[in-house]
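J.: Encoded as structure tokens, here's the structure I'll be asking about.
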Amino acid sequence: MNKKILFLGVGGIGVSALAIAAKRLGAHVAGYDSVANKLTAKLEALGIVIFTSPNGVDVANFDIVVYSSAILSSHPLLSQARSLGIQCLQRAMFLAVLMKDFSYSIAITGTHGKTTTSSVLATLLCQLDKYSSFIVGGVVKYADSNIQVNGTDKLVIEADESDASFLFLSPQVVIITNIDLDHMATYNNSYQTLLENFTDFVSKESVKSIYLCVDDQGCRDLLAKYNQSDKNVTSYGFSINADVQIYDYHIIDEITHFKIRYKGDDLSFKLQLPGRYNVQNATACIIACLDLGFKYEDIRNALIKVTGVARRFDLYTKVISGHQVTVIDDYGHHPVEVANSISAVRDRYPNKKIIHVFQPHRYTRNRDLIKDWPKALSLADQLILLPTYSADEQIIKGAESQDIVKGLSGYLLADGFDHAIYFLEKLANENTVILIQGAGDVTNLVEILSE
């Protein structure tokens, strides 16, 4: 890739990964972000020049400008590049260009679990094939990075459905974890439009194999809608109707055990990640690896080394009011994700009381899923509800934190982190496990709690 490329919004995890990948593939790379952070420091350590002011950036010196969704069309650097006729590509459009440098690409998409599933497959392939690479939306714990370029053989990518940008991509393999109602403004609040976009994605000429979870209603709807016979379509799940069925799921000493029935063979696996949903995610990756020709024994040995992705069920031990307490930090922010996480906590800690500290994320999500929140938020033994993290949205009347728990009783409303800690100091002991959850800044609460 012999190009000079400027990355705008390079302090974000997605664009920073593309900048690193481009550099490792031979491009001359520079980046801009208004605020320096850990990611920009990492890029500078790799020899990438970072600008924090538009002043001094000679846009005319670049062949391509790549920008994140956080960069407005009116941004001076983007406007200048367009006026000069320089090729300007949104993040996913550039990822599509980058993919052409690789022989084979596998895209993971879905409303929930795509980052975790991408990290599982990335960890497997990096052990099974030293020339495999990945670009995903979270820090893969196995590599302590969201990006690794080991060669140009196989590439694992996370394909984002939230803004429909996955339609820019042309992979050979697609894994769909689920299809659910979220980011519906992208799809004009139409479920049929959402399904049509997924159909368009898997119908691309490049796509040869499709794996989808038949336990999910959205995936079943896609199967019913999709009728092309020129692709290899494989369903997986706990359902007896799955092409590859999962069974014998259980936990021993905090290790998840399960079996799958693959082409007439019964194959057993162990996984460090908790919950039925992670078994579903892992199964998709296992099947993809088996179909690529990797040996069962090698996949099984690689799978037990999978540790997932940062902020997905991260485990800590904290001392709270003199008690050693297990604390879990998790990114889940949708009712389905909340329910799955609480179920996983129950499976792993069946004899402990669950205290759920939840920070809702976006007023629009509160509003759009207002009927689904009460059931999900009733599943823990004790709910501590924080104010909604706005993500720069304006407050919507009837969609604040207290509105999503209407009809529930026994929950505690905290007006901030200090208030939540006050409740935790009263409630937590060795017989409790604390799930701290949300996509905003609630992860900081984990750090604030006493070591």
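Numbering starts at 1 and runs along the chain as it is shown here.
Cβ atoms are placed via backbone N, Cα and C, with glycine included.
Okay, these came from Swiss-Prot:
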| type | residues | note |
| --- | --- | --- |
| BINDING | Gly110, Thr111, His112, Gly113, Lys114, Thr115, Thr116 | ATP binding site |
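Give me the structural setting of these features: burial, nearby parts and distances.
T.: Here the Cβ of Thr115 (ATP binding site) has 26 other Cβ atoms within 10 Å, regardless of which shown protein chain they belong to.
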J.: Near the ATP site, what residues other than Gly110, Thr111, His112, Gly113, Lys114, Thr115, Thr116 in the same chain have a C-beta no further than 8 Å from the centroid of the listed C-beta atoms?
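T.: Other same-chain residues near the ATP site: Ile108, Thr109, Thr117, Thr177, Asn178, Asn281.
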J.: Give the number of CB atoms, excluding that of His112 (ATP binding site) itself, located within 10 Å of its CB.
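T.: Counting Cβ neighbours of His112 (ATP binding site) within 10 Å gives 21.
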